[in-house]
Each structure stands twice: as C-alpha cells, then as structure tokens.
Amino acid sequence: MPRKIGVIGMGNVGTMVVQYLLTSGIVDDLVIFDKNKAKAHANALDIRDGLPNLPDHVNIQENDYSALKDADVVISTLGDLGAELHPKDPKRFGDRMIEFPLNTPEVKSVAKHIKVSGFHGILIVVTNPCDVMTYLYQKITGLPKNQVIGTGTLLDSARMKRHVSEAFHVDPRSVQGFTLGEHGGSQFIAWSTVRVLSQPIIPLAKKMHVDLNSIEQSARKESFVVFRDKQCTQYGIAAAAVRLARIIMSDARTEIPVCNYRDEYQTYLSYPVIVGQKGVVRHVHLNLTNEEKKKLTHSADCIKKDINSMN
Ligand SMILES: NC(=O)c1ccc[n+]([C@@H]2O[C@H](COP(=O)([O-])OP(=O)(O)OC[C@H]3O[C@@H](n4cnc5c(N)ncnc54)[C@H](O)[C@@H]3O)[C@@H](O)[C@H]2O)c1
C-alpha cells in the first residue's frame, strides 16, 4: 500500500512541512490543499519540478478531499498569519489568539470535508490556537480522540531543549523533559521532568550556577524574536510536525509531548503520551511537583475557557 499524507494550507509552515516530507522517505502519495486554488496548483507544479532531483519519487495531488479516504496522516497547517502580522492593535503583534475567530470557520469547513472523505487515519493539528483547533477538528470529524493530535508544546519543548543544551554545552537531543500545558501563554517548563548529563536538572543547575528562570524567559522571548524578525516561524514547527508524522507512519511508539485529550483535565492539552500508528496508544503519568500540578490545572482552565467561548 502506498503511504499517503495530506497537508492542508500551503503557507510558510505547510510548504516547509512538504519540503521535509519530500526528503523524508516516509511518503509515496502527497495530497496538498490550499483554499487559494492557484497557490495550491503553483505549489504542486513547483514540487513536481523538484522531483527529478530528489532521491525518492512522490505522487502529488492537489485540492482533492476524496483522496484522503485512504490517507495515513493529514496535517493541518491552514491559517492566516497576516492577521497576526498586521493586527488592528499593534500591541497584539504576534498574538496567536488573533487567528482564533478567523481560523474557526476554516477549520469547521475543512473538518467537514475530511469527515465526508471517509478519512480514518491520524490528524495532526498545527493551526493556531493549537489546543482549541485540535478540539474543534476532533469534534467535527468525529474521529476518536486518540486519532486527533495537536503539535502543542512539542515545539516549545524543543525550544527548551535548545536553551538547556546551550547552557550545558550538549546536543539538544541529549536533553530530556517537557514543556506542558497550552501552546500559548500559560505553558510552562516542568523542570522536575528535565534531565541533562544524565541528572535531574534542578540540583545540577544549582551546582553549576545555571539560572533556570532566565532559560525559561529566553525560550519564550526568542520565539517572538523569530516571529518579529522573519515574520513567521517555520523550520522548528515543520520539524516537529514531520517528526510526529514519522512516528505515526513507522508505528514507533515514542514518548512525546503533544496536545492530546486528557480525561482528568477534561480537555486537550500538551502532556507526554506514547504515539504509534493508531495515534495516542498509551497515556503516561508524570510525578509533577504540587506547583507544576497547579500550573497545569491553570493551563487547562485557560484552554477550556477559550473552547467555551466558541460554543
Ligand atoms: N502550533 C505551532 O506551534 C505553530 C507554529 C507556527 C505556526 N503555527 C500556525 O500554523 C498556521 C499556518 O502558519 P503559516 O505561517 O503557514 O500561515 P500562512 O498565512 O503563511 O499560510 C496559511 C495558509 O493556509 C491557507 N488556508 C487558509 N484557510 C484554508 C482552508 N480553509 N483550506 C485550505 N487552505 C487554507 C491560506 O490560503 C494560506 O496559504 C497558523 O495558524 C500559525 O499560527 C502554529
């Protein structure tokens, strides 16, 4: 069976996701979508122009929802970044909640098409606000909750790992641990989960005079620097989305912090889970501190408030 992936939205993020997929060797059939039909077509032509010089052949289709019937994975990268770049109130520059009222009708419409197509694979949601849009996709497609996953704090956890790696002079892949909660303002680094140099980071940071608060602040601030100075973020999020797709396609059963439905919080939020071909295949339990538990409850409340404001 050819391995099939759909990517919805050919903007900064969607095109970068496509680029990584084309060189990943994990896909045979790629279906791309954009509501701007000319843009979708132009991207399909441009991708085909790349194929003669790429190691793997990939079949390209465009804007055909019926093709998703037998897709393994669909990745939603639709959005309206222009609204974040040019807000009416300049103080709201880069505020992902600006996209909330704009992306809601788009996601509702796309989710209906996905449902009608008979798609029964795993849906990965990048579209912001990520937690709310993940909830909305699941509600409208009617797919089981474990089959609808947001990238959530996978990107934020990567940012944390990079900053920790720079402070301790190690490869970021040698840092373990998680940023939890909302992909938004109430997210937090659960320092009790972070390990580096094979040790829990809190005592190690004390010993080595590394300031964890300033690491957390820099990790937050720098995402806005990227957005301000290049008017989008794309490499980091595309790497996160394609890693998640790869885990699913290869049934890797990897522990990964993504936006998933947690019964105890009655909402989608980011918390590590085991992901495989069927989506979330197992929940895990972290031994968080009381302070971290409070932060996670607060983050869940923020997400639920946004979801309720939509109903
Ligand atoms: N979750 C994360 O960590 C994360 C990180 C970066 C960006 N994002 C989000 O990803 C989304 C995409 O970002 P971007 O920079 O690529 O935006 P962009 O504005 O460059 O591109 C969005 C594309 O989606 C298309 N689109 C909109 N509605 C559509 C629909 N109904 N069907 C098909 N296509 C549709 C637009 O025509 C556009 O080409 C945004 O919501 C952004 O906030 C999320």
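For all residues, glycine too, the Cβ spot is worked out from N, Cα and C.
Unlike curated records, TrEMBL annotations are generated automatically.
On a predicted model such as this, the values are computed, not experimentally measured, just so you know.
Residue counts for the domain 'Lactate/malate dehydrogenase N-terminal' (4-150) by DSSP state, with H, G and I taken as helix and E and B as strand, are 79 helix, 25 strand, 43 coil. Annotation comment: TrEMBL describes 4-150 as domain 'Lactate/malate dehydrogenase N-terminal'.
The NAD(+) binding site annotation in TrEMBL covers Gly9, Met10, Gly11, Asn12, Val13, Gly14, Asp34, Asn103, Val126, Thr127, Asn128. Sequence-distant contacts (6 or more apart, same chain, Cβ under 8 Å) of Val126 (NAD(+) binding site) comprise Val13, Val17, Ile75, Ser76, Thr77, Gly150, Thr151, Ile237, Ala241.
Residues or ranges marked as domain 'Lactate/malate dehydrogenase C-terminal' by TrEMBL: 153-309.
Annotation comment: TrEMBL describes His183 as active site, proton acceptor. DSSP assigns His183 (active site, proton acceptor) to coil in the three-state reduction, placing it in neither a helix nor a strand. Neighbour list (His183 (active site, proton acceptor), Cβ cut-off 8 Å, at least 6 residues apart, same chain): Arg96, Asn128, Pro129, Cys130, Asp131, Gly150, Thr151, Gly152, Thr153, Leu155, Asp156, Cys259, Ser270.
Residues within less than 8 Å, Cβ to Cβ, of Asp34 (NAD(+) binding site) and separated from it by at least 6 positions along the same chain comprise Ile8, Gly9, Met10, Gly11, Gly14, Ala40, Asn43, Asn63, Leu78.
For the NAD(+) site, whose annotated binding residues are Gly9, Met10, Gly11, Asn12, Val13, Gly14, Asp34, Asn103, Val126, Thr127, Asn128, the maximal Cα to Cα separation is 16 Å. Considering other CB atoms within 10 Å as the measure, the emptiest surroundings among the binding-site residues Gly9, Gly11, Asn128 are those of Gly11.
For Val13 (NAD(+) binding site), the count of additional Cβ atoms within 10 Å of its Cβ stands at 28 [all protein chains shown].
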